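Participant: Sharing a structure below in structure tokens format, with a few things to ask.
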Amino acid sequence: MLIDRFGRPVTNLRISLTKECNLNCFYCHREGQLDGERTMKPEEIERIVRIASRLGIKKVKLTGGEPTIRKDIVEIIRRIRPYVVDLSLTTNGTTLYTLAEELKEAGLDRVNISLDTLDRKKYKMITGFDVLDQVIKGIEKATKLFYPVKLNMVVMRGINDDEIWDLIRFAGKVNAILQLIEIEVPREMENSQFFKDFFYPLKPLEEEFEKIAVEIRERRMHRRRKYFLPVDGKVVEVEVVRSMHNTVFCMNCTRLRLTADGYLKTCLLRRDDLIDILGPLRNGASDAELVDIFKRAVLMRRPYWT
């Protein structure tokens, strides 16, 4: 197993398959990626995952952009499935209604689906497209095939903070987990108008949840808290992702990232942490040399918030 200088094991690899997306959410951080021209081929992704698996990284999440707009998404899942124990995908849900069965058959375990609002006008304002009904159909299909299904709600002040309980009820209705996510930005953007306008702190909400939850659990990843809330005769699982200035969050991060253009990246918010792995792979690097690149990346890891 890979362990960084701060004693944090690295067990998860988050792979961006593309920087492109069929929506245009105004807040999207695009996994912290800069513009690049290279695109990893399925066999290249497979080899990198195989190396990662040898090093104890057994959980992989596929992201984007929107990963399902890649025509070879099913092939990619099928290729990397043998090397991992948990294979998940983060999606905006627009293609799920038609793709869900193929993704499941290829070996996908579970999905996270972005859903910031249940209001069609707001959805179009946030994403640029009027496709909420299509996404809801995809969510309903996914909950029949995958477990668990997580709905990702980025909470934004003045936009959807009034819908938190509506989303909790909806998650209960479709038997999904709701993840409430704070907007996160690097230090240099904390004084930006964007952050001032839209950041909605979730700590007060967690305090409210603590009073009414029938059960509270803590995940190993980031020490995120999961609240089991009684709503409309059901118990709904709500997970809170609160990263800004959260030192506990950073000290319990077990992730390494792989950008769509083939760089290992140690932290979403850093801009100085890219290590090229696709270039050496294409230039004939041996497995041992690729292992060394992973080890170098892990040695570069350090908590962002300290």
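Any Cβ shown, glycine's included, is placed from N, Cα and C.
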Participant: Of the candidates R5, R8, R14, which one does Swiss-Prot list alongside K61, T90, K150, R255, L256, R257 as binding GTP?
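Facilitator: Only hit among R5, R8, R14 in Swiss-Prot's GTP site, alongside K61, T90, K150, R255, L256, R257: R14.
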Participant: Can you tell me whether DSSP puts S114 (S-adenosyl-L-methionine binding site) in helix, strand or coil?
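Facilitator: In three-state terms, S114 (S-adenosyl-L-methionine binding site) counts as strand.
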Participant: State the count of C-beta atoms found within 10 angstroms of the C-beta of L256 (GTP binding site), not counting that atom itself.
Facilitator: 26
Participant: May I ask which residues of the same chain, at least 6 positions away in sequence, place their Cβ under 8 angstroms from the Cβ of C253 ([4Fe-4S] cluster 2 binding site)?
Facilitator: R8, M221, H222, C267, P303
Participant: Rounded to an integer, what is the Cα-Cα distance in Å between C25 ([4Fe-4S] cluster 1 binding site) and G65 (S-adenosyl-L-methionine binding site)?
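Facilitator: Each residue's Cα considered, C25 ([4Fe-4S] cluster 1 binding site) and G65 (S-adenosyl-L-methionine binding site) end up 10 Å apart.
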Participant: Roughly how many Å separate the Cα of M189 (S-adenosyl-L-methionine binding site) from that of R255 (GTP binding site), to the nearest whole number?
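Facilitator: It is 23 Å, counting Cα to Cα.
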Participant: May I ask which residues of the same chain, at least 6 positions away in sequence, place their Cβ under 8 angstroms from the Cβ of C250 ([4Fe-4S] cluster 2 binding site)?
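Facilitator: Counting only residues 6 or more apart in sequence, the Cβ neighbours of C250 ([4Fe-4S] cluster 2 binding site) under 8 Å are H222, S243, P303, Y304, W305, T306.
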Participant: Would you count the other CB atoms within 10 A of the CB of C25 ([4Fe-4S] cluster 1 binding site), including those on all shown protein chains?
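Facilitator: Excluding its own Cβ, the number within 10 Å is 17.
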